[in-house]
Amino acid sequence: MANPIVAVVGRPNVGKSTLFNRIAGERISIVEDTPGVTRDRIYAHAEWLGKHFSMIDTGGIEISDQPLLTQIRQQAEIAIDEADVIIFVADVENGVTDADEQVARILYRSNKPVVLAVNKVDNPERRSDIYDYYSLGLGEPYAVSSVHGIGMGDLLDAVIKEFPDNAANDEDDSIHFSFIGRPNVGKSSLVNAILGENRVIVSNVAGTTRDAINTQFETADGQKFTMVDTAGIRKKGKIYENTERYSLMRSMRAIDDSDVVLVVLNAEEGIRELDKHIAGYAHEAGCGVIIVVNKWDTLKEKDHRTMTDFTNLIRQEFQYLSYAPIIFVSAKTKQRLNQLPGLIEEVYQHHRQRIQSAVLNDVLMDAIAANPTPTQNGRRLRVYYGTQVATEPPTFVIFVNDPELMHFSYERYLENQIRKAFDFSGTPIHLIKRQRQ
């Protein structure tokens, strides 16, 4: 389930972002143009020779106004904390610098796999210059040009060779979930409170592909859960811990590892832009989503309308998460925390739900009878049949005479009718229009 993480590290102007975009290529998917669904390129999914992985551009993380060398060191620390493999990018035009040497020493001591990319080797004459980089003690330097795509195959071959073996995780039958959100919404308190409620902790196990600690526990009814990356949430004192981009990156990593994500909001502070960015990534990833409003106990002037008003605000600001259940909790007083495991399990089951084709088509035909298909330029959309082709998230192919005739509003109507007929609360569902051959 969890993709390996590759971090790109290096001093400014060596071409980190260009290399990042070259590897990510067109694989950064834009699902829909919806307000709040961000397109930040600090994090992307990529693939090479059938190996899927996630990339983080540490250079995109804003780390205060520290001196340059301090910033680069902090990039290296982030990469060491988060990544399975590190691409250290240097620049053939400037040769080996003091900054390169200091960061190389940090990376070398980390015992994390490091692949050294010497960038801007735009012509064969520059290839001989890369041998100076053996002095960094990081093994073979790979000559690349991220602008022209030269040497990318050899570089990526070296990267995927370092990926960890995930085979040991195949038999894990627990539900993986995580709390995600911006700093100071109470994720750490929720983690501790949940583990306090569920005292039967099975084990603390090393994460599948990295050093983070995932906590497994079992509820009284025997359901097994794995809380993803609790160690990462508990880490304190890092100079970059409260930067927005680092928080966003950590959330995206947790999303990758989870069946269900719990987007945590702070009842005291309301909804911020970063909340919407993080929730947008959860939506795009296609995992199960629950919205958790924490610190509900801190609102002193509550009445019977307060929860309704806050719910309406969430539905307005997170329109793309209309399917996500909302729960109001307090990590401090334990209010409603006992409901969370059951809600997580429910969303997990909806995320894996499969509908028989005959039953699905009855729903589609009833929907079309109640609201006939639209016409465009004298041509009417014809819906022949539908079938479910995947779960996690549930994905349906709808066979039609011409996909161009399926207006977005009618597609949304069909989705709503499917949701009315079957309980898919907490999970996105995808409809794919396909022309019948």
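Using the three backbone atoms N, Cα and C, a Cβ is placed for every residue, glycine included.
What Swiss-Prot annotates here:
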DOMAIN    4-167  domain 'EngA-type G 1'
BINDING   10-17, 57-61, 119-122  GTP 1 binding site
DOMAIN    175-352  domain 'EngA-type G 2'
BINDING   181-188, 229-233, 294-297  GTP 2 binding site
DOMAIN    353-437  domain 'KH-like'
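When secondary structure is read from DSSP and collapsed to three states, Gly181 (GTP 2 binding site) falls in the coil class.
The binding-site residues shown are Gly10, Asn13, Lys16, Thr58, Val121; of these, the one with its CA atom nearest the CA of Lys187 (GTP 2 binding site) is Thr58. For Gly10 (GTP 1 binding site), the same-chain residues lying six or more positions away in sequence with a CB closer than 8 A to its CB are Lys16, Gly59, Ile72, Gln75, Phe88, Val89, Ala90, Asp91, Val103.
Here the Cα atom of Val121 (GTP 1 binding site) is found 56 Å from that of Trp296 (GTP 2 binding site). Secondary structure from DSSP puts Thr58 (GTP 1 binding site) in a helix. When the alpha carbons of Thr58 (GTP 1 binding site) and Trp296 (GTP 2 binding site) are compared, the span between them is 35 angstrom. Under DSSP, residues within the domain 'KH-like' (353-437) fall into helix, strand and coil as 31 helix, 24 strand, 30 coil. Around the Cβ of Lys187 (GTP 2 binding site), 27 further Cβ atoms fall within 10 Å across all displayed protein chains.
Annotation for Gly181 (GTP 2 binding site): same-chain Cβ neighbours under 8 Å, separated by at least 6 residues, are Lys187, Ser247, Ser251, Val263, Val264, Leu265, Asp275, Ile278.
A count of other CB atoms within 10 A of each Cβ picks out Thr58 as the most crowded of the binding-site residues Asn13, Thr58.
The Cβ of Lys16 (GTP 1 binding site) has 25 neighbouring Cβ atoms from other residues within 10 Å, across all protein chains displayed. Following the DSSP three-state reduction, the secondary structure of Lys187 (GTP 2 binding site) is helix. Just so you know, the Cβ of Trp296 (GTP 2 binding site) picks up 22 other Cβ atoms within 10 Å once every protein chain is counted. There are 25 other Cβ atoms within 10 Å of the Cβ belonging to Val121 (GTP 1 binding site).
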